[in-house]
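Undergrad: Here you go, one structure.
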Amino acid sequence: MENKETTTTTTTTNNGSDKKKRSLKIDLHTHILPKNWPNLKEKYGYGGWVSLDHHCSCKAKMMIDGKFFREIDSNCWDPDVRIQELNRDDVDIQVLSTVPVMFGYWAKPQDALDLAQYLNDHIAQVVSENPKRFIGLGSLPMQCTESSIQELRRCILELGLPGIQIGSNVNGKNLDDPSLFPIFEECEKLGAAVFIHPWEMVGKDRMPQYWLPWLVGMPAETCLAICSMIFGGVFQRLPNLKVCFAHGGGSFPFTIGRIEHGFNARPDLCAVVNPINPREYIGKFWVDSLVHDEEALKFLVNLMGEKKVTLGTDYPFPLGELVPGQLIESIKEFSETTKENLLGGNALEFLGLDPNKYL
């Protein structure tokens, strides 16, 4: 059944009259934190952890070992504020995941597991209180294979989350590292969706200024993650693994020609694990729509296919799309069916969820 038929809903105006039917709008890429959490330095006995300084009623400073990292607004922790903004922007559902700085891959595995459980329980609670507006993705202590599989099973089988968010590397280990494969294998077995967000960006020591880790490092880091999974045979060995990469797949879609040419020119260097041309994997994974440019998004949809790009805004952060779906909706060349796929249908397919649950 086509997404156009299964994701259409009727919205209602303030006076109760029905507006024109439209498809579900689902933002796959949003971040949330608890309003408070324990003092992790005291709890675990060492530093490096994030804390929140609620210095006024609607803002908080994210601090790492007493040093300022980022200021956030109440929409980063308050579901009621988020719902107000969802209604304002005609967004039906947000998919919630933690802020990547909370991954804790550098920490002792038992502590990273404890924090992941705390964050996952929080997301599951937010979803349970607003099940028509929120869907949750869990976090894993990826530095420990056994603990990750344990928490993955809890997320999917006990908390009812449809998937997880992970970083683009784990303490410098690329995503083809053998220690990570059993986690991906379990994800495929459980049907769990895997959203991959860049963090600990490659080359960040050379990017001390101009916000370059976010502007240049993140797209490069995501491309590195995709190539690692392709060349390292993860997609080859796990053909049913569901993966979506943030930020439109980073620089990968725009350098696939170079990647393919290198594979063909030097198979002795590129095809040492997986003999399949990397272009063959286009359309085998998803990317979000967060590219900030009309021509880039048209190229991305044409390359990946209209069923493999899904709305993602990076809400509530300023580098995201500030009006969710505005770019998709503004492109005249996209048919209504294409827009419906991009705005919601593709997210539901990636997550393995029945649209009727949200109508």
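Just so you know, glycine gets a Cβ as well, placed from its N, Cα and C.
OK, Swiss-Prot features for this one:
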{"type": "COMPBIAS", "residues": "1-13", "note": "compositional bias 'Low complexity'"}
{"type": "REGION", "residues": "1-21", "note": "region 'Disordered'"}
{"type": "BINDING", "residues": "HIS29, HIS31, HIS197, ASP314", "note": "Zn(2+) binding site"}
{"type": "BINDING", "residues": "ARG70", "note": "substrate binding site"}
Undergrad: Got a sec? Which of these binding-site residues, HIS31, HIS197, has the most Cβ atoms within 10 Å?
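TA: Ranked by Cβ atoms within 10 Å, first place goes to HIS197.
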Undergrad: Three states by DSSP: which one describes HIS31 (Zn(2+) binding site)?
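TA: SS state of HIS31 (Zn(2+) binding site) = strand.
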Undergrad: For ASP314 (Zn(2+) binding site), write down the residues of its own chain that are at least 6 apart in sequence and whose Cβ falls under 8 Å from its Cβ; none is a fine answer.
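TA: ASP314 (Zn(2+) binding site) has long-range Cβ partners HIS29, THR30, HIS31, ALA246, HIS247, LEU290, GLY320, GLU321.
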Undergrad: For the binding-site residues listed here, HIS29, ARG70, which shows the highest count of neighbouring CB atoms within 10 A?
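TA: Highest number of other Cβ atoms within 10 Å: HIS29.
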Undergrad: Can you tell me how far the Cα of HIS197 (Zn(2+) binding site) sits from the Cα of ARG70 (substrate binding site), in Å?
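TA: Between the Cα atoms of HIS197 (Zn(2+) binding site) and ARG70 (substrate binding site), the distance comes to 18 Å.
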Undergrad: Given the recorded Zn(2+) site (HIS29, HIS31, HIS197, ASP314), which additional residues of the same chain have their Cβ within 8 Å of the Cβ centre, ordered by sequence?
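TA: Surrounding the site, in chain order, are THR30, SER97, PRO100, GLN165, ALA246, GLY312, THR313, TYR315, PHE317, GLY320.
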Undergrad: Provide the three-state secondary structure of ASP314 (Zn(2+) binding site) computed with DSSP.
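TA: DSSP assigns ASP314 (Zn(2+) binding site) to coil.
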